[in-house]
Each structure stands twice: as C-alpha cells, then as structure tokens.
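S.K.: Below are the features listed in Swiss-Prot for this protein:
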BINDING   R39, R45  NADP(+) binding site
REGION    95-117  region 'Disordered'
BINDING   R132, S133, S134, N253, A254, G298, K313, P314, I315, P316, T317, R339  FMN binding site
Amino acid sequence: MRYITAGESHGPQLTTIIEGVPAGLPLVADDINEELARRQKGYGRGRRMQIETDQVQIVSGVRHGETLGSPIALVVENRDFAHWTKIMGAEPLTEQEEKEMKRKVTKPRPGHADLNGAIKYGHRDMRNVLERSSARETTVRVAAGAVAKKVLAELGITVAGHVIEIGGVEAKETTYRSIEELKSITEASPVRCLDEEAGNQMIKAIDDAKSNGDSIGGIVEVIVEGMPIGVGSYVHYDRKLDAKLAAAIMSINAFKGVEIGIGFEAAHRPGSEVHDEILWNEEHGYTRRTNNAGGLEGGMTTGMPIVVRGVMKPIPTLYKPLQSVDIDTKEPFTASIERSDSCAVPAASVVAEAVVAWELATALIEQFGLDRMDLIRENIEKHNEYARGF
C-alpha cells in the first residue's frame with residue numbers, strides 16, 4: 001500500500017489518495033471520523049480545534065461499505081478556509097491586494113521549517129512553507145491510518161497508543177490487564193495517560209506552560225498485539241520492519257527520537273538481561289519469557305506485542321516568541337506568532353498509532369498479499385498454524 005497527501009493548513013481541503021487497499025474491506029466514513037475526532041481531542045490543544053470538526057468524505061474506491069481494490073480518495077474540508085480565501089486562494093492577487101495582505105510572514109520561527117524551506121524553494125513569504133509543514137497535514141495521515149487500522153482489525157490485530165510523559169512528568173503506573181483495558185483507560189483521560197495521578201500532574205504542567213506563553217513536549221508509546229511471527233525481513237536493510245517503524249515515527253511533525261522495546265535502556269544492561277528467552281507450548285507455539293525487544297528482532301516480528309515509543313519536542317510556535325531575523329530587513333526581531341497548541345502530545349499519540357498501523361498493514365499485505373481481504377486472512381491463518389508447529 002502507499003498514499004500521498006495534499007493540502008495546506010488554511011487551504012480549502014486536505015486530500016489523501018490511497019493505493020493498494022485490498023478489495024472486500026468493510027469501510028464507512030464513521031470508521032475514519034472516529035479517528036479524526038480522537039486526533040482533535042487532548043488537553044493542550046489550541047483554538048483551531050474549536051473551529052474545525054473534521055469529517056471525511058470518501059470520494060472513490062469504496063462502494064456500499066466495501067473497498068473495491070481501486071484507489072481510495074479521502075477529503076477533509078478546512079472550515080477555517082472561509083476566513084482565508086484571499087490569503088490562501090489559488091488565483092493571483094492584484095498589486096493593491098498584495099500590499100493590503102496582512103499575513104505575509106518574513107520572520108522565521110526557531111524550530112520550524114520556515115527559514116530552511118524558504119531558502120530551499122525561494123519563497124519570500126514563508127507562509128508558503130508553514131502552511132504545508134503544519135501538523136494540520138496529519139489529519140489526512142490519521143485518515144489513511146484509520147484505513148490501515150481497519151485492515152489490521154479484520155486480521156485480529158489491535159493498535160493502542162498512550163502518553164507516558166509530558167513536560168518531565170512521567171507515568172509511573174503503566175500496567176494493564178489487556179489492550180482493550182489500555183484503550184478504555186486512555187480514551188477517558190484528557191492526556192491519554194494510564195496513570196491518573198501522573199495525568200493530573202501533566203494537566204498542571206500544560207496549564208503552567210500555557211500561562212507562561214510556552215509549550216511542552218513528551219513521550220508517546222504505541223502497542224500492537226496480534227502480529228504473526230516473521231513479518232518484515234532480515235535480508236535487506238530497507239525492508240527491516242523496525243527501520244520502517246522508526247522512520248514512520250520520525251516522520252511525524254516535531255518528533256525527535258524513537259525507541260523500540262526497552263530501547264536506549266539496553267545500553268545500560270548486560271546481554272543476559274536484554275535478550276528475550278524463547279519458550280514453546282502446544283497451544284501457542286513459540287513465545288518469549290520477556291519482551292525487551294518490543295516484538296521485533298532482526299527486522300522481523302517475534303509474535304510478541306510490538307512496543308514503539310516516540311519523543312515529541314515542545315511545539316516551536318510560542319506566545320512569548322524567541323529571537324529571529326526578518327529575512328527582508330535582516331533586522332533582529334521576535335518570531336511570528338501563529339495560533340497553536342501549548343501541548344500536542346496526547347493528539348500525537350493518535351497520529352503515532354496511525355503511522356504504525358500503516359507500516360504494519362503494508363508489511364502484512366506485502367507478505368501475505370493478494371487483492372482480496374478474505375484470501376489474505378486465509379494466508380495468515382495458514383502461516384500461524386505453520387509457525388505454531390515449526
């Protein structure tokens with residue numbers, strides 16, 4: 001599978017075209033809208049989320065609630081475009097209109113794509129950069145991820161994300177009896193945290209940052225249960241599933257680090273305390289005593305839950321802006337202020353779920369793929385039976 005997105009933050013709409021989704025997948029707009037609504041929630045979001053109520057329109061590739069096997073096109077309208085029609089319109093402006101335009105950006109914000117993108121593409125108005133580099137684009141990435149999640153769910157695979165740290169406040173209680181319990185608890189938490197006490201402290205940290213005109217980041221974790229053994233590859237570096245997952249997490253706006261399983265903690269332990277001992281029983285076949293590898297070894301799945309974490313830096317748009325330089329006058333100035341969140345970590349956990357789900361669904365279709373969901377399901381069932389008795 002593959003997809004491409006298009007659209008600007010304050011343009012008319014966001015669009016994604018998805019290719020390679022098998023025929024026969026049950027899919028309706030509500031499957032996607034539920035994920036879009038989850039992305040818009042979360043403590044610390046800005047005023048933009050009060051304007052937009054994201055709803056998807058499926059314009060191709062689905063008929064009567066089932067995928068056809070042809071490309072799926074999804075559209076999400078930007079309601080805020082009504083206030084930006086002149087500034088973000090496709091038609092040229094008159095000389096007078098250009099002079100009157102008050103939204104030209106010449107003061108790059110530290111931490112954003114503004115300056116680098118303007119230099120790369122030769123834009124004197126950095127709005128041309130920030131409109132596309134905005135995290136608003138993750139709306140349609142979540143939409144694509146919702147389709148991937150639906151593929152996984154049909155194959156008995158569950159994806160759940162949660163927040164384990166915000167602004168230095170770390171969740172202490174991260175145990176759960178089932179992945180469904182994990183989902184239930186985090187959906188009820190304003191910061192998507194399993195630890196209620198830590199969640200309250202996270203809310204306070206967000207409030208403190210907002211009152212100071214600042215922003216804070218954090219760490220999210222995605223857990224996936226139900227993946228078969230041996231998905232991915234050790235044969236080529238670019239087909240290793242852990243490499244693809246790491247790239248997917250790092251592709252999310254403002255993410256600066258990723259780890260799988262115990263991750264960087266492995267540097268502090270001897271090998272005897274890192275590697276997962278292999279067990280076998282008649283009911284389940286091969287399993288592991290521990291899951292320090294996070295469900296991935298040698299670029300392939302082990303059959304244990306996949307555990308991926310990502311580090312999100314504080315959002316660089318600040319209400320007490322940092323020092324910058326005006327690209328027209330070269331004079332020092334405080335950077336431009338754009339409407340923004342004070343913390344987007346809870347929402348980012350939903351985006352992380354989406355990109356992880358996409359990579360796993362793609363890997364499954366590559367390995368077991370045919371053009372129909374029922375045949376893919378049969379292939380996976382045969383593979384699981386084979387692996388149990390191997």
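Cβ atoms here come from the backbone N, Cα and C positions, even for glycine.
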S.K.: Please give me the CB contact count at 10 A for S134 (FMN binding site), counting all chains in the structure.
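M.R.: Around the Cβ of S134 (FMN binding site), 21 other Cβ atoms lie within 10 Å.
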S.K.: Pop the Cα-Cα gap between I315 (FMN binding site) and R45 (NADP(+) binding site) into the table, whole Å please.
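M.R.: If we compare the Cα positions of R45 (NADP(+) binding site) and I315 (FMN binding site), the gap is 11 Å.
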S.K.: Please spell out the DSSP helix, strand and coil residue counts for the region 'Disordered' (95-117).
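M.R.: Result for the region 'Disordered' (95-117), in helix, strand, coil order: 10 helix, 0 strand, 13 coil.
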S.K.: A 10 Å Cβ contact count, applied to the binding-site residues R45, K313: which residue has the minimum?
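M.R.: Minimum Cβ neighbour count within 10 Å, taken over the binding-site residues R45, K313, occurs at K313.
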S.K.: Can you grab the distance from K313 (FMN binding site) over to R39 (NADP(+) binding site)? Cα atoms, rounded to a whole Å.
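M.R.: A Cα-Cα distance of 18 Å.
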S.K.: When a 10 Å sphere is centred on the Cβ of I315 (FMN binding site), how many other Cβ atoms does it contain?
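M.R.: I315 (FMN binding site): 25 neighbouring Cβ atoms within 10 Å.
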S.K.: For the binding-site residues R39, R132, A254, T317, which one has its C-beta crowded by the most other C-beta atoms within 10 angstroms?
M.R.: R39
